[in-house]
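TrEMBL lists 8-385 with the feature domain 'Major facilitator superfamily (MFS) profile'. According to TrEMBL, the feature transmembrane segment maps to 7-26, 46-66, 73-89, 95-118, 130-151, 163-180, 208-230, 242-262, 274-295, 301-322, 334-354, 360-382.
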Amino acid sequence: MKNKNTTYFILIYALFFTYAVGTSILGTFMVDFLNDFGMDVSEGGIFTVLYNTGCLAGVIVSAFVLKYFQNRTWILITYAVFALGMLAVSRADTLTVFLILLLLIGIATKFLDLTVNTEISAYHDEEKGFYINLLHGCFGAGSFAGPLLAAKLLTVLPQWQMIYGYIGAGSVVLLVVFLLKGKAPVRTAAIGTQNQNRMDFGILKKPVIIYLLFAMFFYCGHQGGISTWVPLYLQYQYDAGTFSASMGSSLFWVCLVIGRLVCARLTIRFKEEYILAVGLALAIVLHLAGVLIPVMAFAMIGYAAAGLFAGAAIPLILTIGYKECADCQSTVSVVFFVSISMGHTVFPWIMGMICGTFGLTWGMVSNVLCLVGTLVFTILFLKTKHTAAPAKVIR
């Protein structure tokens, strides 16, 4: 890494961690949302739909305004909106206000997500896959800690809104530290060129990019379904308590962190696309078994396998995309985060409809099918690359 500034990147990873904590707790409170707002299970998808609609809007807006400021400035602005939005939720007493705040938080966090990924990619030409996997490992750690923290606090606090307030307060403190101590490294000529945030949507003419976008779309549908519906599924299907049900999604996330850290090392030796394909195949078999065998322990094993073997899909696909289009990385970030947001928006809502109409088990089966879709488009990518130029598995 050129122009090292360790404090700057450590703080960026910390911001990513807390953003994950704050946005991973929707599923933990799903039963409370339905009870407090008098809603049916089939209507529960509205919360993730609104949040992820905001995410999609944030990505689209970024395509037009990224060029006006450096990435560090955008990181400050978007994280500030996230922190203040979390604080505001602590005062939200109606469904309408809460949904508006979820939309706003979605806009801020996905803009933040995109900018941070672009910044990390721009400063790490060598071992790009390692540093992006490390970044997303921090996100996974936050997504693991969030549901557990929320479930524990819910046993001692009278209202779920207060938990959002505490996370918001902590985020404000971290924001101040980043403002004072997070100085971006001096940019080399190469990094300066990459960070002009030039948009070139001609990359969408490449079949390999289209396949990667669909792979990302389906994987994020799977991940969004886990975060949104697993706690409620375990509570209703196996009569688990709030904390035990949260362990399902938390187990997924802690194994995802482990998987991403392992993949960070594997990318030094193996190509990202091969790591992705093998991991997806293993995850599909074990996750499907966990859904079809009606024992809670097997369900937990399935979530763990999905996190461990397929959890690195997002950073792996992003890394492949950045390498395919090294001269326009901001464009890669924008188009892939549109795909991420659409996957997180569409599939949790569809899963909610399936759960309400056909039952929770079929909803979980549809979640596994999202992994199948990811594998199919990964194979299409590999086939296209192999046809163009045979690649070596070992570097």
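Keep in mind that glycine also has a Cβ here, set from the backbone N, Cα and C atoms.
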### Task
Report, as numbers and ranges, which residues of the same chain sit near the transmembrane segment (334-354): CB under 8 Å and 6 or more residues beyond its ends.
41-46, 48-49, 52-53, 55-56, 58-60, 62-63, 66, 110, 113-114, 117, 199, 201, 203-204, 209, 212-214, 216-225, 227-229, 314, 317-318, 321, 362-363, 366-367, 370
### Query
In the same chain, which residue numbers or ranges, 6 or more beyond the ends of the transmembrane segment (95-118), come under 8 angstroms Cβ to Cβ?
12, 15-16, 19, 22-23, 37, 46-47, 50-59, 61-62, 66, 71, 74-75, 78-79, 81-82, 85-86, 88-89, 132, 135, 195, 197, 318, 329-330, 333-334, 337, 340-341
### Task
Could you check if the transmembrane segment (130-151) is in contact with the transmembrane segment (46-66), meaning 3+ Cβ pairs under 8 Å among residue pairs at least 6 apart in sequence?
no
### Message
Please identify the stretch among 7-26, 46-66, 73-89, 242-262 with the greatest number of Cβ pairs below 8 Å relative to the transmembrane segment (163-180).
### Response
73-89
## Note on the structure
Ranked by Cβ pairs within a distance under 8 Å of the transmembrane segment (7-26), the first of 46-66, 73-89, 242-262 is 73-89
### Summary
Under 8 Å Cβ-Cβ from the transmembrane segment (242-262), and at least six residues away from its ends along the same chain, one finds 24, 27-28, 31, 133-134, 136-137, 140-141, 143-145, 147-148, 150-152, 154-155, 226-227, 230-235, 279, 299-300, 303-312, 315
